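Down below is the structure, laid out as structure tokens.
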Amino acid sequence: MEEGNTIAKRAGSRLCCLCNERKPALKRPKTLEQICRDCFYNVFEEEIHQVIVGNHLFKAGERVAIGASGGKDSTVLAYVMSELNRRHNYGLDLFLLSVDEGITGYRDDSLETVKRNEVQYGLPLKIVSYKDLYGWTMDEIVKVIGLKNNCTFCGVFRRQALDRGAAYLKVDKLVTGHNADDIAETVLLNILRGDVARLSRCTSITTGEDGPIPRCKPFKYTYENFNQNHTYAYFKKLDYFSTECIYSPNAYRGFAREFIKDLERMRPRAIVDIIKSGENFRISTSTKMPEQGTCERCGYISSQKWCKACVLLEGLNRGLPKLGIGRSRFLENSNDNRKEAKRNDGDRSIESKQCGSLDF
């Protein structure tokens, strides 16, 4: 009788579907299989490895910068890239690259996490700051522009700052922790903005191949809704920073994120469908696309005479911060703008900080 009860208990106890040895710790979102922690680590890391190999993201000997904010996704990316590089002998020279936007109580704290990651993972760290590059911190910009359009400045400056940091490190590629949710949000945002040029390329796993530094997204197929990165970071006890940016509550992207989450609750495949739609998007041959050139002022890639960063910076330095917001044509009205700037700000000199050259 006792032997029968023991057999019944064993039959009733669930084991990992993959190793059949340990108790399951979670359910895989893609297959609904219940797996243990060790198998989850192996499956997660192997999926990222297959994405890297299958898409030929890197070549042996390349120098690769990992965009490191100290947050969950970038911390998991840094850890996994370091592990896979060693395990599969990618032959990559890895670096951590962080941007200090100058947000007191947020970025200064998250950078302390990145500095600890530098020691924990044995990866060299480079930090570039808005203050050094542009002469402004985000705290100073918000005091001038307010909380309505601050994300426009930060997004433009951050993208260019990453490229400048990557150029300083002389890397061949820049990898970021953007996941499937981020890409789906970007597709939706580009549709809402009518940005055909960005819509046609935002789902690519590698972008910017015609720019200064190509960017890769190894987490393209990782879903935030199922908390894979969070679960991995939690189980591995990784050191990461989890506070949201204090200036982001009104960000336009946040509304797109909430909309997609609502869709996903009704239709779990919503994120996949949105990304697939973006991948299958085709531009009509009659559509006029912007021609990429270089900024006359700083040499950065731009389809206009001045890149967006230079336009925004010019407005800030002349006391007219809203000049570069939206679709305003700053250069076309530069004479009128300068006259207004003289009246409002005493024609403050712009020589203090320009966008600068990409040469280091």
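For all residues, glycine too, the Cβ spot is worked out from N, Cα and C.
Curation plays no part in TrEMBL annotations; they are all automatic predictions.
Residues or ranges marked as ATP binding site by TrEMBL: GLY67, ALA68, SER69, ASP73, VAL99, GLY177, ASP182.
Annotated domain 'Cytoplasmic tRNA 2-thiolation protein 1 C-terminal' per TrEMBL: 293-323, in sequence order. Mean model confidence of the domain 'Cytoplasmic tRNA 2-thiolation protein 1 C-terminal' (293-323) amounts to 88 (pLDDT, 0 to 100 scale).
Annotated compositional bias 'Basic and acidic residues' per TrEMBL: 336-351, in sequence order.
Positions annotated as region 'Disordered' by TrEMBL: 336-360.
Using a 10 Å radius centred on the Cβ of ASP182 (ATP binding site) and all shown protein chains, the other Cβ atoms total 21.
The number of other Cβ atoms within 10 Å of the Cβ belonging to ALA68 (ATP binding site), over all protein chains shown, comes to 29.
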